[in-house]
Amino acid sequence: MGKVYVFDHPLIQHKLTYIRNENTGTKDFRDLVDEVASLMAFEITRDLPLKEVEVKTPVQTATSKVISGKKLGIVPILRAGLGMVDGMLKLIPAAKVGHVGLYRDPETLKPVEYYVKLPSDVEEREFIVVDPMLATGGSAVEAINSLKKRGARNIRFMCLVAAPEGVEELQKHHSDVDIYIAALDEKLNEKGYIVPGLGDAGDRLYGTK
């Protein structure tokens, strides 16, 4: 079973408070999401393997370390997931970026794939699927389905806030995927919104309320 990691770093929690605040405007909201995504990327890459290399400093030759053999990919779920990409790329600029687009079928209410673009070397990469919210879990499950159908083998999921129902749904369908969360909230309400949550992340990122 994949593990669930909830980041309690003070900076993440501090910034998340302002992300939640309904009075935070679009620009500040976007900047804060970018910053938290960067901090979370620092945590999620903590276990990357290292190898020793020789480097010549201005003083002498030294043995130092670099990341070994890991090809990373970031896959935002459109559109809200885009708000997390730049913050992650600040720390891992060599990562390739794919995209998964989903829409909700008006009759079945289930997510339907409408766009997928991934790096050509899918099988060689470890992917981090990102979306600010993990509510019902339907979009995350379908996005990871899309990656696995195309050959992805190593996948993680990262979000700002999650409901227990969404975590359970994702674990039920993809028990091999680790989940990284800034905050695990109380529940979903009758409309499927995370409580207390942060509202509609896409609308708040792009000013389309």
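Just so you know, glycine gets a Cβ as well, placed from its N, Cα and C.
As annotated by Swiss-Prot, 5-phospho-alpha-D-ribose 1-diphosphate binding site applies to ARG79, ARG104, ASP131, PRO132, MET133, LEU134, ALA135, THR136, GLY137, GLY138, SER139, ASP200, with the evidence given as sequence analysis. In sequence order, GLU165, GLY166, VAL167, GLU168, GLU169, LEU170, HIS173 constitute the residues six or more apart from GLY137 (5-phospho-alpha-D-ribose 1-diphosphate binding site) in its chain with CB-CB distances below 8 Å.
Here Swiss-Prot flags ILE194, GLY199, ASP200, ALA201 as uracil binding site, drawing on sequence analysis. DSSP gives ASP200 (uracil binding site) a coil state; it is part of no helix or strand. In sequence order, LYS209 constitute the residues six or more apart from ASP200 (uracil binding site) in its chain with CB-CB distances below 8 Å.
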Binding-site residues near ARG79 (5-phospho-alpha-D-ribose 1-diphosphate binding site) (Cα-Cα within 10 Å), from ILE194, GLY199, ALA201: ALA201
ARG79 (5-phospho-alpha-D-ribose 1-diphosphate binding site): secondary structure state under DSSP, collapsed to three categories: coil
Rounded Cα separation (Å) that holds between MET133 (5-phospho-alpha-D-ribose 1-diphosphate binding site) and ALA201 (uracil binding site): 7
Which listed residue (ARG79, ASP131, ALA135, GLY199, ALA201) has most other Cβ within 10 Å, given these are binding-site residues: ASP131
